[in-house]
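One structure is given below, encoded as C-alpha cells.
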Amino acid sequence: MSSDAEMAVFGEAAPYLRKSEKERIEAQNKPFDAKSSVFVVDAKESYVKATVQSREGGKVTAKTEGGATVTVKEDQVFSMNPPKYDKIEDMAMMTHLHEPAVLYNLKERYAAWMIYTYSGLFCVTVNPYKWLPVYNPEVVAAYRGKKRQEAPPHIFSISDNAYQFMLTDRENQSILITGESGAGKTVNTKRVIQYFATIAVTGDKKKEEAPSGKMQGTLEDQIISANPLLEAFGNAKTVRNDNSSRFGKFIRIHFGATGKLASADIETYLLEKSRVTFQLKAERSYHIFYQVMSNKKPELIEMLLITTNPYDFAYVSQGEITVPSIDDQEELMATDTAVDILGFTADEKVAIYKLTGAVMHYGNMKFKQKQREEQAEPDGTEVADKAAYLTSLNSADLLKALCYPRVKVGNEYVTKGQTVQQVYNSVGALAKAMYEKMFLWMVTRINQQLDTKQPRQYFIGVLDIAGFEIFDFNTLEQLCINFTNEKLQQFFNHHMFVLEQEEYKKEGIEWEFIDFGMDLAACIELIEKPMGIFSILEEECMFPKATDTSFKNKLYEQHLGKSNNFQKPKPAKGKAEAHFSLVHYAGTVDYNIIGWLDKNKDPLNETVVGLYQKSGLKTLAFLFSGGQAAEAEGGGGKKGGKKKGSSFQTVSALFRENLNKLMTNLKSTHPHFVRCLIPNETKTPGAMEHELVLHQLRCNGVLEGIRICRKGFPSRILYADFKQRYKVLNASAIPEGQFIDSKKASEKLLGSIDIDHTQYKFGHTKVFFKAGLLGTLEEMRDEKLAQLITRTQAVCRGYLMRVEFRKMMERRESIFCIQYNVRAFMNVKHWPWMKLYFKIKPLLKSAETEKEMATMKEDFEKAKEDLAKSEAKRKELEEKMVALMQEKNDLQLQVQAEADGLADAEERCDQLIKTKIQLEAKIKELTERAEDEEEINAELTAKKRKLEDECSELKKDIDDLELTLAKVEKEKHATENKVKNLTEEMAGLDENIVKLTKEKKALQEAHQQTLDDLQAEEDKVNTLTKAKTKLEQQVDDLEGSLEQEKKLRMDLERAKRKLEGDLKLAQESTMDIENDKQQLDEKLKKKEFEMSNLQSKIEDEQALGMQLQKKIKELQARIEELEEEIEAERASRAKAEKQRSDLSRELEEISERLEEAGGATSAQIEMNKKREAEFQKMRRDLEEATLQHEATAAALRKKHADSVAELGEQIDNLQRVKQKLEKEKSELKMEIDDLASNMETVSKAKGNLEKMCRTLEDQLSEVKTKEEEQQRLINELSAQKARLHTESGEFSRQLDEKDAMVSQLSRGKQAFTQQIEELKRQLEEESKAKNALAHALQSARHDCDLLREQYEEEQEAKAELQRAMSKANSEVAQWRTKYETDAIQRTEELEEAKKKLAQRLQDAEEHVEAVNSKCASLEKTKQRLQNEVEDLMIDVERSNAACAALDKKQRNFDKVLAEWKQKYEETQAELEASQKESRSLSTELFKVKNAYEESLDQLETLKRENKNLQQEISDLTEQIAEGGKHIHELEKIKKQIDQEKSELQASLEEAEASLEHEEGKILRIQLELNQVKSEIDRKIAEKDEEIDQLKRNHLRVVESMQSTLDAEIRSRNDALRIKKKMEGDLNEMEIQLNHANRQAAEAIRNLRNTQGMLKDTQLHLDDALRGQDDLKEQLAMVERRANLMQAEIEELRASLEQTERSRRVAEQELLDASERVQLLHTQNTSLINTKKKLETDISQIQGEMEDIVQEARNAEEKAKKAITDAAMMAEELKKEQDTSAHLERMKKNMEQTVKDLQHRLDEAEQLALKGGKKQIQKLEARVRELENEVENEQKRNIEAVKGLRKHERRVKELTYQTEEDRKNVLRLQDLVDKLQTKVKAYKRQAEEAEEQSNVNLAKFRKIQHELEEAEERADIAESQVNKLRVKSREVHTKVISEE
C-alpha cells in the first residue's frame, strides 16, 4: 500500500481512489471475531451482516445489524472477511470469496466514492451518477508508467497497462467496456481516449491553420473532439440513461513504433435510426435536434426555418424534450466547435444543419385522402416547401414523387398510387435513411481527418457498444443490441474461462476443468444459426406475401418447445403486446415483431431517392449516390451502404456481417475488460440496490472471473525470459560455465527462492504464477538489484581508493630514497677520490656503451621491420574485409532482386489466377448459352413436328374440300343466275369476314408481341415456323386447286376480258412481294451481323487463350531463371563460405604471429628496464612502439572477431533467405502445377469452343448457300411477274367488256344492301359475344357441329368452308379485302397470293434449314421441304398456262357460297327446333338438380365413411411405424453379429427371390388397378359422348323423360344398396383390422420372446432349412391372399359395371358421385389389402430376422471356436517353430561334433599307427552311432517342417473361413437393408393411396364445376338460338318479298 505522501501526486482525487493510512490502521486494529461475523441471506436486501449467536442441527441463529434475530440454514451463512480486507482494491485477494463479500466490498467502496475496483484480471466500475475529480490532468500524469499493483484501481491504470503491453509484447490491444445501458460505458470510453491522447502526444500540429483561417487542432484534439460530434448525432435519452449511445463504436488508436500517437479511426455499428421518427414517452430523440432549437445560435433558427419549441415538430416531441443533466446550449457550442476542429468545410457544416432541419420538417408534412379514392394528396404545401428548400429540391416534384412514385415493372416504369398511410411510411423511411446516411458520412469524414498517413505499428481498440436493454416495448433494434452483448459476453467467457483452462491443459499443468456455467452458445445459435431467428426473418423478407403473422408462426413452428431460450410470453396488463421471449444472459426479454419485415428490408421511395441524387445540395446528392456505399463501409458504418440491384442484402444480414468482423478483430487482439455496473434504477448517487448489482455480477461473470483468478494462474512467462529476468534473485542456483536448459534453470531458481511453492506451476513452455506472485517476484528483484548495485558501487569505490593508496605509498618510498641519496651525495661530492671517479667512470664504459648502442640499433631496426610487416598485413586484411563487405552487399542486392522477382512472380500469378477466374466465368456463360440454344432447338423441333401433324390434317381437309368442289361443279350451271344475284351479297359478307379476320389477327399480334417480350429470339423462330406452316397449308390448297384449274382452263378463256381489272391487284401483289423480299433481306443481314459478332467473340476467346499460353510460358521461363539464380546463389554462398574459412585461417595465423611478437616485445621491455639511465630515451621509444603494436594487434583481433561474427550472421541470414527461397520455389512449383492443370481445362474448353465455332461456320455456309438459292428463285419470280404484267394488258380490255355486266348486277346489289347491313350488325354482336364469352362461342360451334352431323352433306359443306376460312384468315386477309365485285378478281388474287406465299415458304425454309443444321435428326424433313419447293416451282410454271381455267373455279366457289346461304336458312329452322329442345333440357336439368342434391347428401355420408377409413389408415401407419421401431431394434442386434455360416446363403437368396416374386405380384395388382382407373376414365369420356348424343336426340329425350326418371329412381335404389354393401364391407374391414392388431401384438410378443431365447439358444443348419420351409409356406400364403385380392378386384369390376349401367341413364353429376363412391371403395379395399400385405411382410421379416439372428449366433459361436482353434494352432505352430529351431541348433552342434570327431579320427589314425586296431574300431563304432543320430535328427526335422506347413495351411483355411463368414454377414446386412426399404415402400404406397382419395375428391369438385358451366352454356345457346331464329325469319321474309 502506498503512503499518504505517495498518494499526494493524485491531488484532490486521492480520497476517491484509495483509503488513507489512518483508515487502514484503524481497520487493522478493529476487533473482529472470524467465527461469529457472517453474512446471512435476507429476503429484501439479499444479504445482510450479522453476528452468530448459536448453531444447532444445521440451523444458525444470528442477529443482524438492524437488531433482528433470524434463523437460517447452514448453507445460507457466509463468513465475513477480516477488517483489513474492507474496501480491498482487488477482490481476488479476499480470504472468503462469495457473493455477499463481493457485494459489500463494492458497496462500501461505492459509499466512499471509490468507483473502480479490480476483480481478478479485469476492472469493475460503478456509475456514481455525479461528477468526481478522478479524471484531472494530475491523475493522468500520476498513472503514467505505473504498474497495476503500484496504483489504485482506475480506468487510467487499465489504459496504461494496455499501452505498456503493446510496447513490450508488440501486440495489438483492445479494451472492452461492457455493461447494461446506463452503466457508464460512454464516459469511460471518453476517459480512455483522453488518457491515450495525453500520454502519447505526437508533439507536432497536423495543420497549424488552414488557408481560410479555419480552426483545426492537433491529432489528439481531433480524437477527443470526435466524441462530442458523435454523441450529438448518435446519443439520446432513454429510460435508464440520459446520454445513452444509440450506436456502437470501435475506436482504434494507432501508435508508431516508439509509442507516439500516429492516427485513429472509428467503426460504428447499428445506429438506431427508428428513434428519428418515434420515441417512447420517457425518452427523447437524438440530442442534435434539441441543440439546434436551444437558440444558442439564432442564425441556425433562421437558416433551418424552425422554431425554438420542440412541440412544433412531430418527430422530436413524442417523448420528453428536456433532460436535467444536459445543457443543450453548451452541448450545441461543443458540437459546433468539434465540427470545426475535425476539419469539416463550411459547406459541409451548413449541409449537416440543413439535413437535420429537413428531417424535422419531414415529420410535419400532412397528407389527406382524395374524395371517393384511396389516393393520397398533399394537405398543404408550406412544410413541403421548407423541406424542399433545405434539401435544394423542387417542392412540387417532391410531393409528386411521394404521392405518385414510379416503380419498375419489367422493363418499363409505371406510376403507382399511394394511400395516406403509405405516404407517411415513405416519408418516415426517407427521413430515417437521410439521417443514417448523414451519420455514416460524418464518421467517414472523421476517419479521413484522423488518418495522418504517419507510419503506424500497433493499435489499441476501445469498444463502446450499446448495453443490454430490456424495455416495455422491445423491437428489432433491441434484439440486435442484445445479441451483440450476448456475443461479447460469450467472448469474455471464452477468453476468461475456457481459453484460460485450455491453456493449462495444453501446458500440462495439473488442472481439474471447472465448469463456470457461462456458456451462451444456445442463445447465440438460436438467433444466428441456420433456421434461427435472423435466418427465418431473412427468409420471410424474400417472400412477397410474407407478413408479421407468418413470421411469428414460423418462429413458433421452428423453436417453440424445442429451445429453452425461446418462450411464448405471458400477456401482461398495461404493457405492450409481446410475440416471443428470449432468455438472454442478463434476463428474459419480450419482443414485439410488428414491422420487422419492413425494417429488415429497409425499403425506400426510389423516385424520391432519384430526386435526392439530383439535389443542388452536394452533400445530399453524394449521400444517395452510388459511391456512398463503399465509403460508408470504409468508414466503418454498420449499414453504410446497402447493396442494391445485384444482390438483396437485408439489415440483419449486414448487421451480422459487421458483428462477425468485430469479433474477428477482437480475437486478434489482447483484450482488457472493464465491466460497468448500474447501482440503482433511480439514478440516485451513492445508493446501491443489492439484487440489481448481484444480477449484473452473476451475468457478467465477475464472480467466476475472481474464482478462476484465484484458482488458476493468471500470470505466465516463458522459461527463457524468466531465467534472464529473475536470475539475479539467486545466481548461484544456476551453475556457470555449463549448459543448462531454461526450464531446469527456472525450476532450480524458483526452488531456491523463499516463496510459497504452491503458488506456481511449471508448464511445457512457460512457468505459471498465481495472482500476486509475479508482483512479489518483481519486488524481490527490485530489492535484489538495489542490493547488487549498492554492493557493486562499494566494491568499485574501495578498489579505486586502494589503487590511489598504493600510488601514494610508492611516491613516499621514492621520495625517501631520493632524499637519502641526495643527502649522501651532498656529503661525498667534494671528496677527491669521488671527483677522480667522476672523471674516469665514463671513459671505462664508453666502449661497452657503444657496443650496446649498436645492438640496440639492430633491435630497433628489426622492430621497425616487424612493424612494417604487421602494417602491410593489416592493410591486406582491411582490403580483404572491404572485398568481403562488397560481396556481402552484392549478395544482399541479389537477394533483394530475387525478392523483387518473387514479388513480380506473385503479382503475375495473381493476375493469372484472376484471368483464369474470368475465363472460367466466360466458359460457364458460353456453356449456359449453349444449353439454352439446345433447349430452344429441342422446342423448335417439337413445334415443327406438331406443325407437320397439323399440315397432314390440313391436307386431309383440303382433299375433302376438293371432293365437295367437284360435286358443286356439277350443279354450277343450274345455279348461275343465283350466283349473279348473290355476288354482291357475298362481297358484303367477305367484308364482314375481313373485319373478323382483322380482329383475330390483332389478337394474334398482341399475343405475339407478348411472346417477343419474353424471348425475342424464340419469337423470331416461332414466327418463321408459323409462316412456314401456313405456307405449307396454302401450298397444299393450291396443289389441289391447280388440278382443277387444268380442267377449267378452256372455260376461262371466254372470261379473259373480265380479268383486265385484275392488273392493278397484280401490281399491288408485286409490291407486297418486293416488300417481303426487303424484310427478308434485313433479317438475313441481321443474322449475318449476329454471326459476325459470334465469330468475333470466338476470335477474342482464341486470342485470350493464346495470351494465357504465352503468360504460362513466360512464367515457366521465369521459374527456370529463378532456379538458375538460386543455383548461382548456392555457388556464391559456397564461395563465400570458402573465403570465410580462408580468412579465418589467415586471421588465426596473424593472431599467433602477433602473440609471438607481443612476447618478444615484452621481453625486450624487461631487458630495457635494466639499462642505465642514459638509455631512457631509447627505452621510451621502444615502449611506445610496443604499445602501439599491441594496440594494433588488439584492434585487429577485435576487428577480426567482429568480422567473423558478422560473417556468421550474414551466413545465417543467407541460410534463412535460402530456405525461404526454396520454400517459395516449392510454392511456385505447386502454383505452376495448378496453373498447368487450369490451362489444360482452359485448353479443353477452348477446343470445345473451337468445335462450336466450326459448327457455326458450317451452319453459316449452309445459310449462305440457301440464300443464293432463294435469290435465284426471286429472279425467276421477277421474270414471271414481267410476263404477268404483259398479260394484264389483255385482261384490262376484257375488263371493259365486263363493265356492262357490272351495271346490271349493281341493281341486284342495291336490293341486298339492307340484308348485308343487318348481317354485319349480327356478325358484330356475335364477335362481341365471342370476345366476352370464349367458352360460349366454343359451345355454339360445338352445337353447329352437331347440327352439321344431322344434316350430313349440306352441313358438312358449310363446316368445311368455315374451317378453311378460319385456318386461312391470317394469310388470305389481304386478297379477301381486295375482293369487290366479281369472282374473277378473287381468282386472280389467289394466284398472286400463291406467289407471295411461295416466296414466304422459301424464307421459312431458310430458317428451318438453319435450325435443322443444329439437329441432325430433322434432316429428312429438310430434304422433303426442299423437294416440295422444287415441285411448287414447277406448279407455278404450269399455273401460268392455266390462268383461263380459273373462271370455272370461281363459279364453283360462287355456287358453294350460294349453297352455304341456303344451308344457313335451313339452319335457322333447325335452331327453332333446338330452342324447343333447350326448353325441354331446362326442365330435365331442374329434375337433375333435385337428384343432384340428393346425391350430395349421399356424398356427405360417403365423406364421413371415408374419414373413418382414413383414421383406420392412420392407425395402420402407426402400427407400421411401431413395426419399423422393432425392426430398428433387430438391426441393433444384427450389428453385433460378426460371422455367419455360408450355408445360409442359398436360403436367403430363395427368400429374396420369393420377395421379388411378391413385389411382381404387387406391381401386377397395381397395374390392374391402374387399368381399372383408365377404364373408369374411358367410361367418363363415353359419358361425355353420351351427353352429346342426348343433345342431338333431344326430341327423343323429351318423349322418354318419364322413363328416364324411373331409371333414375332405380339407380338411386342401386346406390343405396351399394352404400349398404359398403357399410357391410366396412364392418368386415373393422373386424379384419382388429384381427390384424391382435396379430401385430402377438408378433411383438413373439419378437420379445425370440429376443429372450436368442441369448440361450444356438441353432445350426437345420434351423436355416426350417426357416426356408417357413418362407415357402409364407409365399404360398401370400399367393392365396393375392388370389383373394384378385377375386375382390373382380367383384369390384362387376360393381363398377353395374354402376356404369346406372350412370348411363342418370345425369352427369349423379354419375360422378357414384363414380367417386366406387373409387373410394376401391381405394379403401386396396388400402386394406396393403395393410394385410404389410402385416404379412412384417411377420415374414420378423421370421427371417429370427432365423438370421439364430444363424448369426451359430456363426458367431463357430467363428469364436475357429478363432480359438486358430489361436491354438498358432501356439502349436510357435511351439513347432521353436522345436524346429532347437533341432536346427542341435543339427549344427552335431555337424560341429562330426567335424571334431573327424579331426579326432585323423589324430586317432595317426595314433593307430602307434596305438593299435582296437582304438580304431572303437572310434569307428562311435562315428557310426553319431551318424545314425544325425540322420534321425534330420528325419525329425523334416517331419517337424511338414507339421509346420500343415499347421500354416490350417491357419490359412481358418482365415479364409473367417473372411467368408464376414462376407456372409455383410450379405445379411444388405438383405436386411433391402427388407427395410420394402417396408418403407409399403408405407409410401399407403400414403399414395391417401393422396389418391384426395385427388378423387378434387375430380368430383371439378366435374361439379363443369356441370355448372354446361348449364351456363345451355342458357347461352338457348338465347343465341332465339336470336338466330328471329334473324333467319327476317332474312327469309326479305328474300321471298324480293323474289
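Just so it is clear, glycine is given a Cβ too, placed from its N, Cα and C backbone atoms.
Feature annotations, courtesy of Swiss-Prot:
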- GLY179, GLU180, SER181, GLY182, ALA183, GLY184, LYS185, THR186: ATP binding site (BINDING)
- 33-82: domain 'Myosin N-terminal SH3-like' (DOMAIN)
- 86-782: domain 'Myosin motor' (DOMAIN)
- 785-814: domain 'IQ' (DOMAIN)
- SER36: phosphoserine (MOD_RES)
- LYS130: N6,N6,N6-trimethyllysine (MOD_RES)
- TYR389: phosphotyrosine (MOD_RES)
- SER1162: phosphoserine (MOD_RES)
- SER1237: phosphoserine (MOD_RES)
- THR1265: phosphothreonine (MOD_RES)
- SER1292: phosphoserine (MOD_RES)
- SER1303: phosphoserine (MOD_RES)
- THR1467: phosphothreonine (MOD_RES)
- SER1474: phosphoserine (MOD_RES)
- THR1517: phosphothreonine (MOD_RES)
- SER1739: phosphoserine (MOD_RES)
- 659-681: region 'Actin-binding' (REGION)
- 761-775: region 'Actin-binding' (REGION)
- 1128-1147: region 'Disordered' (REGION)
- 1153-1172: region 'Disordered' (REGION)
Local backbone state of GLU180 (ATP binding site), from DSSP in three classes: strand
Listed in sequence order, residues with CB under 8 A of the residue listed as 'N6,N6,N6-trimethyllysine' and six or more positions away: PRO685
Per-state residue totals over the region 'Actin-binding' (761-775) - DSSP helix, strand, coil: 3 helix, 6 strand, 6 coil
Confidence summary (mean pLDDT) of the domain 'Myosin motor' (86-782): 85
Under 8 Å by Cβ from THR186 (ATP binding site), counting only residues of that chain that are 6 or more apart: GLU231, ASN235, ASN243, SER244, SER245, ASP464
Cα-to-Cα gap, SER36 (phosphoserine) vs SER1739 (phosphoserine), nearest whole Å: 76
Any further residue of that chain within 8 Å (Cβ to the Cβ centroid of GLY179, GLU180, SER181, GLY182, ALA183, GLY184, LYS185, THR186) of the recorded ATP site: ASN127, ASN241, SER244, GLY467, CYS676, ILE678
When distances run from the Cα of LYS185 (ATP binding site) to each of the modified residues TYR389, THR1265, SER1739, the nearest one: TYR389
Cα-to-Cα gap, ALA183 (ATP binding site) vs SER1739 (phosphoserine), nearest whole Å: 70
Residues of the region 'Actin-binding' (659-681) by DSSP state, where helix covers H, G and I: 9 helix, 8 strand, 6 coil
GLY184 (ATP binding site) versus THR1265 (phosphothreonine) - Cα distance in angstrom: 86
Recorded positions listed as SER36, SER181, least Cβ neighbours within 10 Å: SER36
Rounded distance in angstrom between the Cα atoms of SER1739 (phosphoserine) and TYR389 (phosphotyrosine): 87
Recorded positions compared (GLU180, GLY182, TYR389) - the one with the fewest other Cβ atoms within 10 Å: TYR389
Secondary structure composition of the domain 'IQ' (785-814) [DSSP: H/G/I, E/B, coil]: 30 helix, 0 strand, 0 coil
TYR389 (phosphotyrosine) and SER181 (ATP binding site), distance between Cα atoms, whole Å: 38
For GLY179 (ATP binding site): intrachain residues, at least 6 apart, with Cβ closer than 8 Å: LYS185, GLY467, PHE468, ARG675, CYS676, LEU677, ILE678, GLN696, ASN700
